[in-house]
């Protein structure tokens, strides 16, 4: 017996496509939206993602194929960028400075939960041919849909503020203060627009560029890890022993911030759209199941790499700066000839660090090379996550509001929404006083999580949407 909503959805699908599809031909009861581009021919498809579709090799019959895995590789690494944005890096370094290695298990748990949610997002995109925002548009009434869109946009704006300011701080550090914070924001706006149109040269080239940025982060933060040489025993204890001895409100707030920094609500919407870039016959159950398998393997590898990079940052600051006082750091900066000694007052209060001060103290303790390599890593993190954040804004706005605009207009609008408050903060806020805002934004991400969790868990559990691929007791097949 069909519900009224399912009947309406089926009728809408038939009207849009002009054909009657049987369940043998289509494994999802929801069809991708038809083209509604103003003035476009009826037979011209409208793509909410890149026009190019990556072909999947068909001449391989093995249970597992590296050729097929390579063909599916890309969306998971683009998604994993959100696990490496400046908000994450700041959360990592503060976790290490405030709690040592004691909160590594929270980072591990949040990453595993994030992987499970990303798996659901990818499955939704593969099975239905629609991303999460598009499914929300079809399933929810107008008022809840608008509220949901506003909450997700708020999360995107908060994340984008961290990412753009992270880039601006990196430019400030690399230029030894010559480029002010607002100047770095303007540079980031311009180069982000340039990079966003790299896909015109081919989707695989764009994905390779993101992979290059991830490699820069791994090398940069890996270098800091090797230089500091953290205690491996304490690291493993903090990672696998879920306990925080002697932790107070500051450490608990940090733990909540870790979850908010790692599991970003808009990233679930993003991943469900990115998987649409591969050429998959959704009417073929075997192909859909195979795509789900390879996307999960790729996402696991990508998030494992992002987890290692996050661990590098936590371990560096846990080993070198846990329980350090301002006066100790001030003395070391004086001895090294650093021009930033005024950042650390002559008192015995605990050292408070952010991504700006983090680079400074690394320079004081381990030399200027450590500072510049840190800044390069932050720049790669900020630039890559700013680009993926913009894509998230495009998909969310298109899906929830059913917009069909030109690519440039969509980029311009979504970029402006996020950049305007960021530029105001950069102009009126000093670079040394951004820590409180970043902490707040990380907690804000935690508060926005239900607006992604409820839809993705609901839709991937409905057989009317997912059919044979609906969630079971173990979150699906």
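Going from the start of the chain as shown, residues are counted 1 onward.
Glycine residues also receive a Cβ, built from the backbone N, Cα and C atoms like all the rest.
A TrEMBL annotation is a machine prediction, not a hand-curated record.
Marked as region 'Disordered' by TrEMBL: 1-42.
Sequence annotations record features per position, and here TrEMBL assigns compositional bias 'Polar residues' to 15-38.
Taking Cβ pairs closer than 8 Å, the transmembrane segment (104-126) reaches residues 75-76, 79, 83, 92, 95, 132, 135, 235, 238-243, 255, 258-259, 262-263, 267-269, 271-276, 280, 282, 288, 291-292, 295-296, 299-300, 303, 306-307, 310-311, 314, 452-453, 456-457, 459-460, 465-466, 469, 471, 475-476 in its own chain, all 6 or more past its ends. Feature annotation from TrEMBL assigns transmembrane segment to 104-126 (among others).
Feature annotation from TrEMBL assigns transmembrane segment to 179-198 (among others).
Annotated transmembrane segment per TrEMBL: 210-228 (among others), in sequence order. Sequence-distant neighbours of the transmembrane segment (210-228) (same chain, 6+ residues past either end, Cβ-Cβ under 8 Å): 77-78, 80-81, 84, 305-306, 308-309, 312-313, 315-316, 319-320, 362, 366, 370, 373-374, 376-377, 380-381, 383-384, 387-388.
Counting residues 6+ beyond its ends, the transmembrane segment (255-274) has Cβ neighbours under 8 Å at 48-49, 74-76, 78-79, 82-83, 85, 87-88, 90-92, 94-95, 103, 106-107, 110-111, 113-114, 117-118, 120-122, 124-125, 131-133, 151-152, 155-156, 159, 244, 299, 310, 388-389, 391-393, 395-396, 399, 439, 442-449, 451-453, 456 in the same chain. For 255-274 (among others), the entry in TrEMBL reads transmembrane segment.
The transmembrane segment annotation in TrEMBL covers 295-318 (among others). Long-range neighbours of the transmembrane segment (295-318) within the same chain, counting only residues 6 or more positions beyond its ends whose Cβ lies under 8 Å from a Cβ of the stretch, are 69, 72-77, 79-80, 83-84, 88-89, 92-97, 99-101, 103-104, 107-108, 111, 114-115, 118-119, 122-123, 126, 214, 217-218, 221-222, 224-225, 228, 230, 234-235, 238-239, 262, 271, 275, 353, 358, 362.
Note on the transmembrane segment (355-381): residues 84-86, 88-90, 93, 163, 166-167, 169-174, 213-214, 216-217, 220-221, 223-224, 227-228, 316-317, 320-321, 329, 332-333, 336, 338, 340, 343, 431-432, 434-435, 438 of its chain, located 6 or more positions outside it, place their CB under 8 angstroms from a CB of the stretch. Feature annotation from TrEMBL assigns transmembrane segment to 355-381 (among others).
Annotation comment: TrEMBL describes 412-429 (among others) as transmembrane segment. Sequence-distant neighbours of the transmembrane segment (412-429) (same chain, 6+ residues past either end, Cβ-Cβ under 8 Å): 153, 156-157, 160-161, 164-165, 168, 181-182, 184-186, 189, 192-193, 389-390, 393-394, 397, 405, 437.
Under the heading transmembrane segment, TrEMBL lists 449-470 (among others).
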